[in-house]
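When I checked TrEMBL for this same protein, it listed these features:
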TRANSMEM  74-95  transmembrane segment
TRANSMEM  101-129  transmembrane segment
DOMAIN    153-304  domain 'Palmitoyltransferase DHHC'
TRANSMEM  200-223  transmembrane segment
TRANSMEM  268-287  transmembrane segment
Amino acid sequence: MEQQQPLLEVEQCVTSIPEDHEATCWGCGLRLIFASYAPVFKCGWCGAITQSNQTSRKPDSICFSHWRNFRDRFFVTVLILFMLFVICGGVWAVYPVIFSISTFCGIFHCILTALLAVFTIISYGLASFKSAGAPADMRWGSYPMVGKNDLENYTFCTYCSKPKPPRAHHCRSCKMCIVDMDHHCPFIGNCVGTSNHRSFVIFLISVVISCSYAAGMTIYASYRIWPPLDFEGLASTRRSMGYMKMLIEIIGTLTSSAFFLSARGLITVYLAFASLSVNAGIGVLLFQQLSYIYEGNTYLNRLNSPNVIHGERGVQNLIRFFGCPYSVSRVLAGYSNAGKLQDNSSSKLL
């Protein structure tokens, strides 16, 4: 007799998916199901990044908005008045001394001053009044309208209630998202972004050049109009005095002689100190901006993710940023590649 084998019972298991593991993509509206809870996820269709715990934010209060507007207008007014004071005060105080040397020298420096002033004011106007870079309008919210990878790495801005592209940040002063936002500068009353970043850096370069020129001219004019100094007593007793006492004596002599300066001379001395101070501060800011451009980064991206490399660093970033001609870019790129090859060869030898 044949032995009958017992029949295997097949159990049907139905697994219920918790609601916490279901989410809706804000970009295309598709319903996504996850094996485990994920606070941040990326849609496989449109590529949008969704944060589950992200909630809509209330707009800033009226007092806060008025304070930001007042701050920007105040700093812009101060900067414009300072530039006008340096230009007009420098011409009034310095150029009589320059014309006393020769007429040709006076005319030459007048033309040079006018060129630097016009270039600085134009670059400031472009950085201040040009749009910093608003993101393009994108279709979102519905699956038929949003195509494959249309919103790749986009996030949702809770302030604007619109898609925010990668490397973009929302500015609460400008009340909009800015592409490749570096920072909001109150001295230009505008954000520094992808559209006006070059104008802002050119403005910094023009300020450094103009302040260096103004400092040189005012120092020379101060030397020419400074009252005679009496160092006879200092020369006779310099062997018995220490270096610190000599320095104090020199400063005291200069201070006492400054009381005999005219109003033109006092303005010249003030412009010399002001130009040197502004040049030092703007020079540090310019070096910081150029270093970030060299790294292919921005200030906000570096601040938010200091250990993340956003792109390849090198001279090619500066060439691309300033839009150098093809011949110049080939020469600079050649030097950059030669430096990289030399660094690689030296590292291999080590």
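Every residue, even glycine, has its Cβ placed from backbone N, Cα and C.
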Short question: most Cβ pairs under 8 Å with the transmembrane segment (200-223), which of 74-95, 101-129, 268-287?
268-287
By Cβ distance under 8 Å, which residues at least 6 away from the ends of the transmembrane segment (101-129) in the same chain are close to it?
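Result: 76, 79, 83, 87, 90-91, 95, 188-190, 192, 196, 199-200, 202-203, 206-207, 209-210, 213, 217.
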